[in-house]
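Colleague: I'd like to ask some things about the structure below.
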Amino acid sequence: MDDDMESGNLGPYKDRPRTFPNMRSKPYTPLIFRILMRMNVRVVFILVLLGLGAVFYVGARTSPIIVFVFTVCIISFLISIYLTKWVLSKDEGPPEMVQISDAIRDGAEGFFRTQYGTISKMAVLLALVILGIYLFRSTTPQQESSGLGRYTSAFITVASFLLGALCSGIAGYVGMWVSVRANVRVSSAARRSAREALQIAVRAGGFSAIVVVGMAVIGVAILYATFYVWLGVDSPGSMKVTDLPLLLVGYGFGASFVALFAQLGGGIYTKAADVGADLVGKVEQGIPEDDPRNPAVIADLVGDNVGDCAARGADLFESIAAEIISAMILGGTMAQRCKIEGKCPFYVYPSGFILFPLVVHSFDLVISTVGIFSIRGTRDTGSIGAMEDPMAILQKGYSITILLAVVTFGLSTRWMLYTEQAPSAWLHFALCGLVGIMTAYVFVWITKYYTDYKHEPVRTLALSSSTGHGTNIIAGISLGLESTALPVLVISASIVSAFWLGRTSGLVDDAGNPTGGLFGTAVATMGMLSTAAYVLTMDMFGPIADNAGGIVEMSQQPQSVREITDVLDAVGNTTKATTKGFAIGSAALASFLLFSAYMDEVAAFAHVPFTQVDIAIPEVFVGGLLGSMLIFLFSAWACSAVGRTAQEVVNEVRRQFIERPGIMEYMEKPDYGRCVAIVASASLREMIKPGALAIVSPIVVGLVFRILGFYTGQPLLGAKVVASMLMFATVSGILMALFLNTAGGAWDNAKKYIETGALGGKGSDCHKAAVTGDTDGGSAVMANTKYSLSFFLANLFPEVSAMLFQCFCFDDIGLQCGRPIQRHCGAFSSCPYQNACNDNSRHGSCLSLRVVHNEVYSPDCTISLYYSYLLRM
């Protein structure tokens, strides 16, 4: 480090690097916040009031339910501001703690600025591509008559995409902003009280969770209300309210796009730094975790913030937004098929089924806030042995949230889903929600069982370390494979039970066919995510506690303080694994919704039923095979990215120990900034390849098989192949994500268990084997991909398909001529390519025609010209 960058005191050293190469010396603040801070307070206040007034005006013209959603979200934001002030009012501790925290914040905010700058450029580029696709795609007469022409559709989709990307980026920034400021306050509180340290970490995570969930809800609500008023929904000649949710898919895709690259970049950064710090520091040099002599220790602590906080905030924002939009689409489709009509004092009946997800997550903000505030600090002796188990305290808060969720969910279903056509339907859907809530609770318990060192699986894994590195890795893989069984059984039972509860709700279409099955699974997914804010709070707790432990270790605090942060860190590892397991389960249910929403959109566009995917068709089976393969290829590329980046870190750490032998005796300072710069640069470079695979693969497969279907007379072949691809990718990805998540968490906590003094404790051969499992064989590589996989397979992949499904099939059944000829076998002058065929005999016989959806088409009129086909994409 340059001399002008070094000042202050870092642990036992006299000086410390205040900034790192290519990073700001001042805390990073997004441009929009810097502009607001420079404006006059009164002007900002007036602008906020005008904005709120416009929002509530549009909401009032839409539905009183939208006004209710807006009100709850704004109150939640005010509560989050209170939580921020409460956390920031706490003592930061002695100067050495503050200086270490500043170094972590510099690194995290510098990486965030660079990473999100890259992501924003890619988002703008993709927005231009989407704009071009929508401007040159075909539109149906129904779309034109309802005001949804090419230009309007292009503007709506691109605007929704950019808004979703912006909100997802802000959600990520919020998660990182609070974590880099709360960590030092948790460290300081640990010197006084274990319970106080726990409370600060929980409330810091609660601030981020409330903002993330609130932004997801209010963002969808604002788009819905804006499109409702702008397009004049339900007025004569305009689109129906049941079709309005189809316009929101771009919002979810924008959120998914940012979350994907945030997860990849942050995950690569986190785990590469972890490998470098642990493998060389612990195994080769025998120094403790977070020891200030380790050159990669600052990079490791920075990674906790950019990978586990910033990326997680963007990811959960995307998951909730995707679940809300897909449930709104299914609710609108079901209401349309059942012809649910009528009014009540607060809303028109079809709107109840559409807006139900927004109401559920509004109540989520309320009940999760209660759960967060139920965790209160007490005056204890400052010893970890004198306080209640931190995990038990968090579980109590979660239990309170679960109980409130059951009550509010039941009230919501009675309020929003009651209809005179099926008076008991709301009760069936309430039971579907209860299934989802129970699934969430069981998922958390299962993951906790397999990853908490208080239970047998992790202790058995730790014991396997006593016989060497290889047996630790074998036992960890075995544990991960075994851990997929119970979650899959739970998911299967929840999907089937929710489907049949919805199917027997009494809601039927004109032909008397039950139609509530898919919506029942949507309600179960909403039930599972009805406590999402509290779950995210527990997830954010983990990296904050981890950072606090690192600050305590680097600042050379007493052993009693380190004991407190060690226990909080171990609990944080468990909460991270359990909440990720929860997210994988909810992603599995959400993927089923998105898959159904995709099929509904294709059916609406092509004007034919699209309810089944036949894998006996060779092309469709190939699509499924490609979907499964992509999961493994994505995992391989992501793991390779971690491995290559980790090699650079390991080589750098080894170089510093060799060239600076005085580091081990505290005579020379490590170059922390060099490791931070290496990891930041490599992670940004390595995230592009797997991220591009996730975006491009469904588009390429859909277009290739659309062209094949064009020449073989199968107009929906592209859509069918993509549907098969989604199905197989979901199944393979769920199993892969469960395996990686549980194995990684178990390896990490097996190491933590040994570090408590079991099986020889720190520095023993058993501990070294466990560190190898935690780095080379386990979580360091696998944790990078496990969460990226879960939302890639369950949200982003279907959203790409749902938004660009027009590229995979033709409108109006998409026959080669492109238009229906006539209902009868008389004149065929309406065939646009009749003259191009130069063979009118092809149009002269009923035998050469086929009837689809009461329309007659010519299967032989294939001279639609390839250039015309390209223009119709």
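Placement of Cβ uses the backbone N, Cα and C atoms for every residue, glycine included.
Caution: TrEMBL annotation is automatic and unverified by curators.
Residues annotated as region 'Disordered' in TrEMBL: 1-21. The transmembrane segment annotation in TrEMBL covers 41-59, 65-83, 119-136, 156-180, 200-224, 244-262, 346-373, 425-446, 514-536, 582-600, 691-711, 717-740 (among others).
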Colleague: Mind checking which residues of the chain, 6+ beyond the ends of the transmembrane segment (425-446), have their Cβ under 8 Å from one of its Cβ atoms?
Modeller: 360, 398, 402, 405-406, 409-410, 413-414, 417-419, 483, 486-487, 490-491, 494, 497-498, 501-502, 504-507, 516, 519-521, 523-531, 535, 578-579, 581-582, 584-586, 589
Colleague: Tell me, please, if the transmembrane segment (65-83) and the transmembrane segment (346-373) are in contact, taking contact as 3+ Cβ pairs under 8 Å between residues separated by 6 or more positions?
Modeller: yes
Colleague: With CB pairs under 8 Å as the measure, which of the listed stretches 156-180, 346-373, 691-711 comes out on top against the transmembrane segment (514-536)?
Modeller: 346-373
Colleague: In the same chain, which residue numbers or ranges, 6 or more beyond the ends of the transmembrane segment (156-180), come under 8 angstroms Cβ to Cβ?
Modeller: 30, 84, 87, 101, 104-105, 108-109, 112, 116, 119-120, 123-124, 126-127, 130-131, 134, 148, 204-205, 207-208, 211-212, 215-216, 219, 223, 227, 247-259, 262, 304-306, 309-314, 316-318, 321, 540, 543-544, 547, 803
